[in-house]
Amino acid sequence: MESFRQEGRWSLLAVVCLAVTVRCAVTAMFPSLQQQLDQQVEFSTPMTSYKSLREGLFLLRHGLPVYSGGVVHQPPLLLSVFSRVPNCCHRYLYAVADGVVACQLMLVSRALFSRTPGQRRVPTWVVGLLFALNPLALLSCVSQSTVSLTNVALSSCVYCAVVLRNTWLSGVALAFASYLNVYNAVLAIPLFNAFNGARREVCLFTSVFALCLALLLLLSGSQGNGGAFDGSFLQATYGAMIRFESVAPNLGLWWYFFIEMFQEFIPFFKGVFNVFHVGVTPAIAWRFRGQPLYSFVISLLWLTLTKPYPTLGDTALCFAYLPLFAPLFGYLKYPLFSTLLFLHGVMLSPIFYHLWIDLGSGNSNFFYAVSLVYALALGSIIADFVWAMLRMEYDGGSPNYKRRLTQI
Amino acid sequence: MALSCFLRSVSGTNIDVNEYDLVNSAMQDDADDVIVTGSCKTNFTAQSTTEAVASPSATRNVEENTVADAHTVEDVQFQDFVEETMLVLDELKYPYQEDLRLKPLPGNHLLSSFSFDMKSESFTPGKTDLDIDQYSHYTVFPKPFKPLLERTATRQLHLRFTRGFWDAESWDTLPYDGFKSGGSGVELWAIIESDSQENAYRQWKSLANSLSGLFCASINFIDSTKTTYPVYAFHPAASEELPLFDQDKQLYLIRAALANEPVCTENLTPLIKLLPTKGKSGLSSYLDGHKVFDSIWHSLSIDIETQCDDLYGECRYSMEAMVDMVINVPNTIERVENPIPKPVEADKLRCDQTKHFDAFVCFPSSDNAETDFLFSKIFGKSIRGCDNFASSPSRVCANITDDWSFTLKVGDDYLGLDSNCFELNEGVEYDINLSSANTSSVTVLDEVPLYVSRSLTGYGQDHGGLRTVFHNPRSQPVRAIYFETLPWFMRVYLSTLQVDNTHSNGSPNVTVEDIMQSMHYVPAIDRSRPTHLEYIIEIPAFTSFAVSYQYDKTLLQFAEYPPDANHGFEIESAVITVVSPTDYQIRTATLLLSLSTPDFSMPYNVIIITSTVMGLIFGMIFNLLVKRVVTVEEADKVLAERTIKAKLLRLKQKILSRIGIAT
């Protein structure tokens, strides 16, 4: 057991180092890659792009109002943290952030498998390596989209809740995640499952989360104007996201729908899409209340699918958790179909975007079609994993792949 | 109208007939007729009779400039006469002045600048026309403006209609140092008195809507997405005092521009109608829409200012209307002479001597060195002098070198003066003749203090760059205010602002900090505010560099695209005001921004397909979440119970058991 720990420690260190080094190396070898990726709609959105972060820093540095325009959507504390780091060092910050995620993933994986011995498992180092070398995660990190930072907060949240079982820390981590992207607050519901229904813990978690988030918002509001609360950032960061103000093409379902929607119905459908985005999470959390990590990951996948501004960076984090559900793999009905669908979407999207935007030989429908394929791919992955979990629950721990089951 | 025509005819008589009292009294009779008919035409006939008598006395069979002295002597005599005998009539002259300035430009171009100045009657601020004790009377000042200015509390109004290309590299400085011409399209700025910016904007919007109706232009398309509040640029000179009628209020400078708005006769006609002569007499009779807009570059401008006398507490509006145009003389004449283009006849064909030519091959020489033309040929009309009600006579001046001759044609006589400036004070038909043996010899004005050009960079339809090249050709550093407004769908990243002078030879390296002294930046808000960027820039001597920054293009909603979305979106020109060493204003060309477009035929398809995909995914997952997991055999059993047949069977059994028949 001790040697296993020892071995695990070395492999953990190696994978984290590899993750950080690969990211630094890619940035150093292709200096223009960052800008190139920052323009790619798959990796950066108006809400998360590094360009708008830089613009926020510029405005902050020159004493201009940061949130009066429609360009900066990053929350104030993030800007003030970045303003204290020289521009040339930002890339290392992102690389370290991804390293932390890799490390936490491996720790979560080890804790999970040590709790359920005898199950089919993927080696810890493989879990880490799959994230470290996942091209989506890698490129998202190189593009320096702030999604990477949200990912750290989310992964810390999982780590604290599942491995450390620390109510306080997971509440704080989720507060940070929600501070960066307000929709992440919904993930509190699947996290309740981590406390095995202990009412006291749930209350504590909720209050720590709420207090911490309130504190962050207060701090951001009173920052830089002598203690008086200035709520202008709320509109620019969260309001703009919820109201889907800057319509930019991305892999999500929202953008083309709202471009083509008739003016009068736009507010109504924005409401519908928001409900669609957050409304399914409680159902998932309730149905899989015995599986805290699983319900969390499936909720995260759902959020990624229905986000107003999704990126491949979000997807990369969700996919990083999938190897942890190795016992479910045998139950998947159509993994090949989902994989191919996903690859099809991811590979065609830059091509079709190029055809539409740069060459003009395709039109917006090309990219729209790919975004639908991508959505279907994520949808089929979610559905397949949900089915697999239902199937495993039915089997109660002793897999019987031959049993023919259905639902009524 | 009747009143002004009466005055016109009386004073016309007064000017023309200095010695002939008999005629004078006869003219008075004629003038009485004029009051009845109220038409300028009658007036002409009356005056031409006068002219018939008067012209022999003046002996104006002029060859070149020899008659100048006689003319001035006559003017002096006439002045004396007016002071002695016609004092009452002299007071009835109105503050109106019109000028025409001509300047040949290189390449056989000709700049004609018409300017019309007028002042309103004085009025007491704070009293509107509705006040019972307010007496208002419109004379030469156009009637539509006063109520408009009062309603919107506008203290200064500047309106520009400009189209065309001013070739600064060969034509040098713009007329009036560029302060009277706008960017391509329509430009409007005003100083409005109001208690808050919101109210000022409301007044501004009302002003724009009214002007839109007045000038038949789309000025009503000015809204908050085009309106800016300039901070450095467009401010009136410090020497100008702006009146504040209500001391609790403030003055707001508001500006907007409509890029590449077509400027056409429908804008010129209302402008001419604002003049007291209405295009029927005086210099404005030259202005014909077909000819003005046939030019390479043309600019119509209107500036209204409020001037107050603190001593008496009275104010008056003064208005300057200008029409400037650059025409290519040979082309214009060619078009008049040969409406259907024909090949040049062999004996008139001049070949380019620098290239090979023989009996069969001839490259036509591009420029005529000689020219001789009458303006009536270019403008299609001649001047009908009939604005004698004005306090100063119409003037026609030419800014020419000795190679040119500038003469005034009165009847069949040609007049010339050393000063190249004529005062038209007779009610006859005038025409202008300009001739030269060497058209390339033109008066040299100051070189343009600064060249600025702006362009869009990048190729994709999702992002790009804006690059402004400054070039200072002079030996002194130039200080200028750069003003730029960009629409909200260009998401500007000012953090990418950089100065690049690697491509200019020999220029010293400059950094952003060196050249930009203060900056005012208001970022855009989607659908409600444009980007507004102003900075003061100092360009060292003999230096050129480019200032560039990046922007992202956003997508618009389906209904926000114009009908010709693939044509692109007009970006208004940047305004550069040079403040030292000289005062000068330049505008860059407008830009055409192409945005990516959605498929406009897709709304129903997109709504249906997206909803289907969402419904499909949601349905799949919802089904999985709520349904019970059972084996296939169990499911079959349960389903078998649910069929109608099974239900009927169950019902039958129930009924049978009720009535006691056991099965």
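Cβ atoms are placed via backbone N, Cα and C, with glycine included.
Quick look at what TrEMBL annotates:
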TRANSMEM  A:92-113  transmembrane segment
TRANSMEM  A:125-147  transmembrane segment
TRANSMEM  A:167-195  transmembrane segment
TRANSMEM  A:202-220  transmembrane segment
TRANSMEM  A:240-259  transmembrane segment
TRANSMEM  A:271-289  transmembrane segment
TRANSMEM  A:309-329  transmembrane segment
TRANSMEM  A:336-356  transmembrane segment
TRANSMEM  A:368-390  transmembrane segment
Worksheet item: Hey, which of A:92-113, A:167-195, A:309-329, A:336-356, A:368-390 has the most Cβ-Cβ pairs under 8 Å against the transmembrane segment (A:240-259)?
Response: A:368-390
Worksheet item: Which stretch, A:92-113, A:125-147, A:309-329, A:368-390, tops the Cβ pairs under 8 Å count with the transmembrane segment (A:336-356)?
Response: A:368-390
Worksheet item: Taking contact to mean three or more C-beta pairs under 8 angstroms, with sequence separation of 6 or more, is the transmembrane segment (A:309-329) in contact with the transmembrane segment (A:271-289)?
Response: no
Discussion item. If we skip the immediate neighbours and take only residues 6+ beyond the ends of the transmembrane segment (A:125-147), which ones have a Cβ under 8 Å from one of its Cβ atoms?
Written reply: 11-12, 14-16, 18-19, 22-23, 26-27, 33-34, 37-38, 40, 43-45, 48-50, 53, 74, 78, 90-91, 94-95, 97-98, 101-103, 105-106, 109, 180, 311-317, 319-320, 323-324, 346
Discussion item. What residues elsewhere in the chain lie close to the transmembrane segment (A:92-113), defined as a C-beta under 8 angstroms and at least 6 residues from its ends?
Written reply: 8, 11-12, 15-17, 19-20, 23-24, 27, 82, 85, 119, 121-122, 124-125, 127-128, 131-132, 137, 141-142, 144, 148-149, 151-152, 155-156, 158-159, 162-163, 293, 317, 320-321, 323-324
Worksheet, complete the sentence: Same-chain residues at least 6 beyond the ends of the transmembrane segment (A:368-390) with a Cβ under 8 Å from one of its Cβ atoms are 250-253, 255-256, 284, 288, 291, 294, 298, 301-302, 304-305, 315, 322, 325, 328-329, 331-335, 337-338, 341-342, 344-346, 348-349, 352, 407
